[in-house]
Amino acid sequence: MEGMQEKPPESSSFAPRSEEPTDSPRGPEVLPPEESEVCARALETTPKKLCGYLSKFGGKGPIRGWKSRWFFYDEKKCHLYYSRTAQDVNPLDSIDLSSAVFDCKADSEEGTFEIKTPGRIITLKAATKQVMLYWLQQLQMKRWEFHNSPPAPSAAADAALAENGPALRLELEQEEAELEEFLCPVKTPTGLVGVAAALQPAPAMPLALQNISLKHLGTEIQNTMYNIRGNKQSQGTGHRPPGEDSPLIGEPQREEQSSPPDPSTPGKGPSDSPKPTPKSSLTANLIQKAKRQNNTFPLFAEGLTRNRTPQEKALALEQQVLMLTKELKSQKELVRILHKALEAAQQEKRASSAYLAAAEDKDRLELVRHKVRQIAELGRHVEALEQERESLTQTVSLLEQQVQELEQHVQLLMEKNQAKQQVICVLSEKVTQDFLHPPNQPPKPSDAADRDFLSQQEKMEHLKDDMEAYRTQNHFLNSEIHQVTKIWRRVAEKEKALLMKCAYLQAKNCQVESKYLAGLRRLQEAMGNEASECAELLRQLIQEALQWEASDASADGVELSPIREYDEYGFLTVPNYEVEDLKLLAKIQALEVRSHHLLAHEAVERPLRERWAALGELAPSAELKQLLRAGVSCEHRPRVWRWLVHLRVQHLQTPGRYQELLSRGQACKHPAARQIELDLNRTFPNNKHFTCPTSSFPDKLRRVLLAFSWQNPSIGYCQGLNRLAAIALLVLDEEESAFWCLVAIVETIMPADYYSKTLTASQADQRVLQDLLSEKLPRLMAHVGQHRVDLSFITFNWFLVVFADSLISNILLQVWDAFLYEGTKVLFRYALAIFKYNEEEILRLQDSLEIYQYLRFFTKTICNSRKLRNIAFNDMNPFPMKQLQQLRTVHRERLEAELRELEQLKAEYLETRASQDPVVPEGCTSEDEGEA
């Protein structure tokens, strides 16, 4: 027993205990190689943790200086926690690495590096340069893994991940390989980082007080009390005399003792128990010691072994049960919401039925009040959506500020890197010059020469060390810039996603407002001209709805894609109707246009602009054809139209032709000048460029039409050419380009005699359209034929002016994009698509007057350009050009035969009149008699 008491107490915390006979003294135990290998394998199987001792510079006053701290990384939060020792339960503080950058300066002390966060700068020091590089590289990799870690996937995302799992893993492996190739991994310092570092004693400081954190004094006291309490518990659980070494803290009693003592023999000590084999005892104690040491680390949820205990399995099952319970609760909530929606729909149906069945005005008034309450609820819902939009806008602004800060930081790093590279180059050149051209100095004694040589050699070594340090720093900063750039790109992608979400919410807001206005319009139609309080309230609500604009909802809001009073080409976005009912209809139409524009802005228009920007030089191809059908973006449309027009009229264009025609018009007045002047004031009354008195567009249009009348005397001027030239002027903004665009349409794209006095080709196309409508839309043609409606009264102007007066501006210009490239076939496709788009609405009308009134303005109600384009170029297929040419030929021959027959009848009538003598009826005086 005396030998056991003479054992130093320090050995109890570092050497495993094995029981020996009492008659032999106990000395320090040394592990055989076999046990060391077993313990090393046990430690290697544990998951790697980023932890270890570093020195942190901090404090105030006399205790300011380096303090030894135990650092460990939390992967879930991307935080680097630190405490005084590895055995402390509560960390002193943490460092947020998600937005931090790392820096190491070549002129600082060896092993020193900095972690810079938006709020502070933390200076740390490692034991060696290798440990410093290891920490920097691991922190970079942890930050990168945190930013690339996907959020918790939903059920649909899990299924998609299961299908695309191999591809995603391959992509991640490629990114990791690229990162490792960019910055070679640093070897792990043995015993200085990771779990093995916790088994080593904490680095000693000159003063014990200097290592204590006065800023976190409460946490220090809690950790100290916990360690004292743990030591007392470990001493109280032993079954040995006081002199015997105590087991480690936290070791279970069943692991301390190989066999419990017999309670019937009080004097029997531990030496009476059976002695286990030394090898198994040493190995088991080492593994248990590693387990206990690992379990004392804060925030380490895993032990050194990967085997899960029954308690952990039960805890995992409980978590799964909680998750399933939450999912079941959410499904029940969804069912409840659907039940409520069904009840609301049934209640709406019953209210409508009651309104129709009500015989007294009092009952109808009550139903109208119920509708007004529903409208108020919709208004509150609109306000809630506006508040959500404002919050999203603020989030976007914050993200923009963060991106700007990151850009500034990257710029500073790049400038710093460039300056250091210049210093390295200057030093390298200086060293080279010193070697090649040593300075001429007088001969020195041998001792002085030796001293000079040694000093030069020492300077060379210092310069080499400096170059190596700068090279390491340069390599690290390049890696930092590389990773910060990737993080900035990811932030930009997140900002783009938020902008798309904001645009989607704005579109939904417009749809809700449109439904609100449609409800007001239906109530107005239902109430008629009744004079009551509800009617007055309804009129007031309509007046407020017409005056309210979405742009006035929030002064600080950001308009993603604003819909102004006029569009890019000067057309009114909301038609100016004089009738109150039509004003409400125009506001509903404007809201639908805004909704479609917002939904298509990010998903369709931006990729389309990128494709046009990447197209480069234009050339006829299938890809160009598909792009023109999808529409040209505003910034590329003038360039594309000039190329299309030049493709059509390059055999007619001569330099100075337009100016020559203008000079001829100034020298001699053309007979069509009077008709041109009359039509100038009728050109696009809904466009500000042709209605403003100070605008230059009417004068440009006049010169273009006069020049064309001299260019093509067989036509001169025909009503409708003013609209074609006006569209060309609005897009191309140059008189000569607009003139050649008009020439291309009339003389190369349209058939001959399309704008002649007889309009033969135009009439033939109307008959061709009738045949195509009978083939593609037989139900519609049967319906209008039953009511004796002639569609050519509506469609004749469509073809003559290429839909210039019919469609809203954005759809109209998409039609022209394809028309200038493909020709008149596009007109037939879009004419059929317009009737197909509104076929169901026309079939509901049962009166010829209602059909004519609807056909007058129904093209202005088309807002979804993607749907119309899909019908025109997909649903109307097959559409062979050969069939179109055959139909044109047949109907043109029939028209010419009818015209010849009319001319023959006219000639016979004139001959008959000429062969008869004029006979004056009795009682009437002739002209000669009247003069007498």
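Note: Cβ is positioned from N, Cα and C throughout, glycine not excepted.
Because TrEMBL annotations are produced automatically, they should be read as predictions rather than curated entries.
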Checklist entry - What range among 33-60, 285-312, 453-480, 677-704 does TrEMBL record as coiled coil? => result 453-480
Next on the checklist: Need the matching range: TrEMBL marks coiled coil on one of 76-110, 636-670, 881-915, and I'd like to know which.
Outcome noted: 881-915
Next on the checklist: Please compute the mean pLDDT of the model over the domain 'PH' (47-144).
Outcome noted: 86
Next on the checklist: At a C-beta cut-off of under 8 Å, are there same-chain residues at least 6 beyond the coiled coil (453-480) that contact it? List them, or none.
Outcome noted: 101-106, 133, 136, 140, 182-183, 413, 416-417, 420-421, 423-424, 427-428, 431
Item to check | Within-chain partners of the coiled coil (881-915) [C-beta distance under 8 Å, separation at least 6 from its ends] | outcome: 751, 758, 760-761, 763-765, 767-768, 771-772, 825, 828
Checklist outcome for this item: Secondary structure of the domain 'PH' (47-144) by DSSP, residue by residue, totals 19 helix, 40 strand, 39 coil
